[in-house]
Amino acid sequence: CAVTTAAATATSSSSSAAIPRTVFVGGKGGVGKTTISSSLAVTLASDYSRDMNVLIVSTDPAHSLGDALDVDLRASRGKPLPLTDPLTGGRLYACEVDPSAALETFRENLGAFDVEALSEALGVDAQLLESLGLREFSGLLNNPPPGLDELVALANVLDAKDENAGRYDCVIVDTAPTGHTLRMLALPEFLDGFLGKLLQLRAKLSGLANTLQAFLGSDQAAERAKTIDDAVSKLEEFKIKMGRLRERLRDSERTSFAVVTVPTKLGVAESKRLMIELADQGVRVTDVVVNQRVGGGKGKDEDVDEDATLQYYERRKAGQRRWVNELREAVEGVSSSTEYQNNGPSTGPIALTEVPFYDAELVGVPALAYLGSQTFEDNAGFDHLLGDDHSADAADGPQFVICGGKGGVGKTTTSSSLAVSMASKGHDVAIVSTDPAHSLGDALDLDLRGGKLVDVPLIGVPPTDGSLVAMEVDPAQALGQFKGLVDDLIGGDDDGGGPSGDLANTLRDLGEVFDTLPAGTDEVVALAEVINLVRRGGYDRIVLDTAPTGHTLRMLALPEFLDGFLGKLLQLRAKLSGLANTLQAFLGSDQAAERAKTIDDAVSKLEEFKIKMGRLRERLRDSERTSFAVVTVPTKLGVAESKRLMIELADQGVRVTDVVVNQRVGGGKGKDEDVDEDATLQYYERRKAGQRRWVNELREAVEGVSSSTEYQNNGPSTGPIALTEVPFYDAELVGVPALAYLGSQTFEDNAGFDHLLGDDHSADAADGPQFVICGGKGGVGKTTTSSSLAVSMASKGHDVAIVSTDPAHSLGDALDLDLRGGKLVDVP
């Protein structure tokens, strides 16, 4: 971000309405997004000579920004909170958006279109308003689409008209993991389409008001017309706000995206896909940050320092021991809670399993089989899945196993190795990935594109009667087929005048909202395929590899939204059933009969889909046949998010049976091992060599995207995408001082970040602040990257705001602040 000079400060009043530079920080879950983004914010805000205000905002539903800054951001209720630390001098603000409060305000505005309220205000029969389809349309968001609440909250923070308006030089957005971020970037299109259709009713309502004026007299009619105008005005204002947000996301001069990753096969593969998809969406990627680089940072490989390596090993083991103990206490607490006990029959308390930190990526069936044999066999916590009692399976259908947790903690590796292990014990297993940013194929070393079940050869597995198939759901294909049914339902009706014509038009408008459906809808539509697997039979174990925490929780709620949406469509269709006779009179019996059959077929298939949604909802909450395994890593942020996830799942009636702690240094299955010096040094060298391979592949991908036509067409740029490598630190960098240190080592004297940390404020004064978007694969350190970047920019005199859009927020964890509440919080 450009920094504020004395001259720019003196003219701040004239540029108070300017749009700040915005940096989105994103990537795969668990790669350190929050740490990077918060350290950037601290770096910018802590430079006194530049006097720059920085806002860092977490949009991850599983916030960890407060944890990273070591500040409680929950008390601010979604408002920016100024941090009071002497390092940033009051120039750093932090916020974990409050989706529920923002959505409630949005619903209140929609409430003005309630049929009963308008009927009373206008003094007309409610049936007349229902003939316009108003009840179905205005009631659509009673069960809002997942991600809508976060988007509304982010729009409120970035488009504030309160005392914070024009305050920030730079806004850093700490986002949810890859798939959720891409969905959120597309969600403004859905809202724009929905609100546009709703506002088209204005002309019809205004016509009613004019008619009333003739009967009621000007004063009374004018007062009631004002009720309509006020309701429409609020929605138009919000529609404009959504339009500004959409433009801002694609403003290549004021908004940029930093992809955070780790040097692993899965991390690099997802980052390559993310860069290409962002370029296709018109979002400018300016930086790629490679986190957890063993053997030096900033592109340097260092020789092995034996003493330092052994000290690192001991410190990391001690730190992990602390967080495993805290997690064990949380597991015992949730297991004994009333909510957990009320979730039905259980095999007992939640089982905690520790998995060693391997020095090589475990990719492919033989490696996954080895991992499974070391993790799940002779493990009482998984006896209910690996056991050989098939009598219950035959009678009651397959067992569902859902693997979820914070991004980047190894969910896909855990779920796929568990699937291989169950198959090796004679079970017929299907594993399905519902993560929008698929990595199941990468883990199994198979091409799973196409959205169909693929047989997985059980290479390296002892002879078995079991089998394994895998599938990455194809959301686009499933949604396209589903949209075709909706088109059959709504298309071709007479759209003439009168109540029937108005109703047909409203049905068509409602169906067209499906052109821009919200985040996750395509996944849930595709997930109905899982229900087909159950009905088809042949499998006694079905494993779901899910998206990171916040997205998974939203996915569990999405069937409610779709059920309500389809209910509205089918209700309108039923009201229009009388049109069939009219069509027969005007079109002739053959043509009308053919049209009626098309409609009947569509209704039948959509009703069948509604039944599938109901079965899916029931299945996810069937405590006897469905279990949830929480996957995590032994870090403060990982443990904090896992504790929240266990509690929320218990509240939702989903049974958690296991917690798997990955990447445990010094042994697994609860054992701490003594240091083997030779083995430790060999591990260090192997890990460094493996990382070097994937960094080189990532560098080639960066060069390819930078030279692509799509990237070049995204507007002015500071040049090709810059690649930054960050060392693997032996301690968690949490809180402003630690993030400031990380920022000084990562972003200062780094040409890739000169456009953000530099002191040229001429552009800021004229064009508003810079946007920076941090994204990438889950678990690669997006939050750490975005928060350290925010701190770095603040340290350079910039006024920075960092916002988390990840449904599973961890920005508060990274900043060590309580950011709950959805308001901006000052970051000390």
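The backbone N, Cα and C atoms fix where each Cβ goes, and this holds for glycine too.
Checking TrEMBL for coiled coil across the ranges 60-87, 228-255, 396-423, 648-675 points to 228-255.
Of the listed segments 11-38, 599-626, 683-710, 795-822, TrEMBL assigns coiled coil to 599-626.
Here the coiled coil (599-626) has a mean pLDDT of 75 out of 100. Helix, strand and coil counts under DSSP for the domain 'ArsA/GET3 Anion-transporting ATPase-like' (770-819) come to 14 helix, 20 strand, 16 coil.
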